[in-house]
Amino acid sequence: MTYGMIATWRMACDGIAAATKDLANGGTSQKAIVDAIKMVEDYPFYKSVGYGGLPNEVGMVELDAAFMNGDNFDIGAVAGSRGVKNPIAVAEKLSHERFNSFIVGDGVAKYAIKEGFEMQNMLTERAKKTWSNRLDEMSRSNLSPYDGHDTVGMVAVDKTGSMSCGTSSSGLFMKKEGRVGDSPLSGSGFYVDSEIGGATATGLGEDLMKGCLSYETVRLMGTGLEPQAAVHQAMTTFANQLERRKGKCGAFSLVAMNNKGEWGVATNVEFSFAVATENLEPTIYLAYPAEDGGYPTIEVASQEWLDAYQTRITAPIQ
Ligand code: ASP
């Protein structure tokens, strides 16, 4: 059988490159998800996931993460996690619990300490500066505080056909204390069924969770649709409904992979994502929404784009 991974945003690529090497050597999808997401969580320049993630409105880093095993539907999740180095690892551990598999707030650190997970101050100087600059800007203009957010979400299939998925996020920048997005919510931020495939989302959690879009994508794949058709139908149908009934729809981007390693993407904003399979070297793509409502245009990210990205995320903050 084949293996592969798909993940949201450029930041996921190094993680999936390392994890798919392991998958090529017979590694499990569960381990691939945890290892790859940990790499994203540990990199201090990714400001929307793990260490270096941007804080909430009171200057505190609160992280959401989830893990799902597509063989048996086990799910573990954390929300509002503080001071835990790798929320994804705790979420994976929680997925083995029969009870209490979704923990929020102070309970996450208590559980993590008891289970021997590493603790760490997750607020970097850089994130603190970005936060205080934004507070300044907000006092001078009516800028929305909720710009600039990106969840890492990944789906993996291993050589035995076993599938898993995971998410990790600092949620919306300047979110209210205790605010939880879609990322740790089953069916919204993620869903996987090894007999079908998996999907994961990034964008405005408050809107994504209204449509349970990850579940809907997997359900549609289960009716026989290819991942591209399923994810596109799930996203556009719901985005159109929201536009019609509420007058607006937030940013939505989803990636999907089936248990054959075929994949698809849907988005209503410019969106980068990463894929690696048995037949495809780890590749970073850019997706642009189609104006006619059709499938997005997908192109391989140019070296120029990658260089500009790296310069931007590591540029000194005044
Ligand atoms: N979906 C995340 C949230 O609302 C943020 C993001 O993916 O950009 O918490």
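Glycine too: its Cβ is placed from the backbone N, Cα and C atoms.
Please treat TrEMBL annotations as automatic predictions, because they have not gone through curation.
As annotated by TrEMBL, active site, nucleophile applies to Thr151. The substrate binding site annotation in TrEMBL covers Arg179, Val180, Gly181, Asp182, Thr202, Gly203, Leu204, Gly205.
Positions of TrEMBL features highlighted on the structure.
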{"residue": "Thr151", "record": "active site, nucleophile", "DSSP (3 states)": "coil"}
{"residue": "Arg179", "record": "substrate binding site", "DSSP (3 states)": "coil"}
{"residue": "Thr202", "record": "substrate binding site", "DSSP (3 states)": "strand"}
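Of the recorded residues, Asp182 (substrate binding site) and Thr151 (active site, nucleophile) place their C-alpha atoms 10 Å from one another.
Counting only same-chain residues six or more apart in sequence, the Cβ atoms lying under 8 angstroms from the Cβ of Thr202 (substrate binding site) belong to Thr8, Trp9, Asp150, Thr151, Val152, Gly153, Ser169, Ser253, Leu254, Phe271. Checking the binding-site residues Arg179, Thr202, Gly205 against ligand 1 with a 6 Å cutoff on the Cβ atom leaves Thr202, Gly205, in sequence order. Within the same chain, the residues at least 6 positions away from Gly181 (substrate binding site) whose Cβ sits under 8 Å from its Cβ are Asp64, Thr151, Ser169, Gly171, Leu172, Lys175, Gly189, Gly205, Glu206, Leu208, Met209, listed in sequence order. Sequence-distant contacts of Arg179 (substrate binding site), defined by Cβ-Cβ distance under 8 angstroms and a gap of at least six in the same chain, are Asn56, Glu62, Gly171, Leu172.
Within its own chain, Gly203 (substrate binding site) has Gly250, Ala251, Phe252, Ser253, Val269 as residues 6 or more apart in sequence whose C-beta sits under 8 angstroms from its own.
It is Leu204, among the recorded positions Thr151, Asp182, Leu204, whose Cβ has the fewest other Cβ atoms within 10 Å in the structure shown. The 10 Å shell around the Cβ of Gly205 (substrate binding site) contains 26 further Cβ atoms across the protein chains shown.
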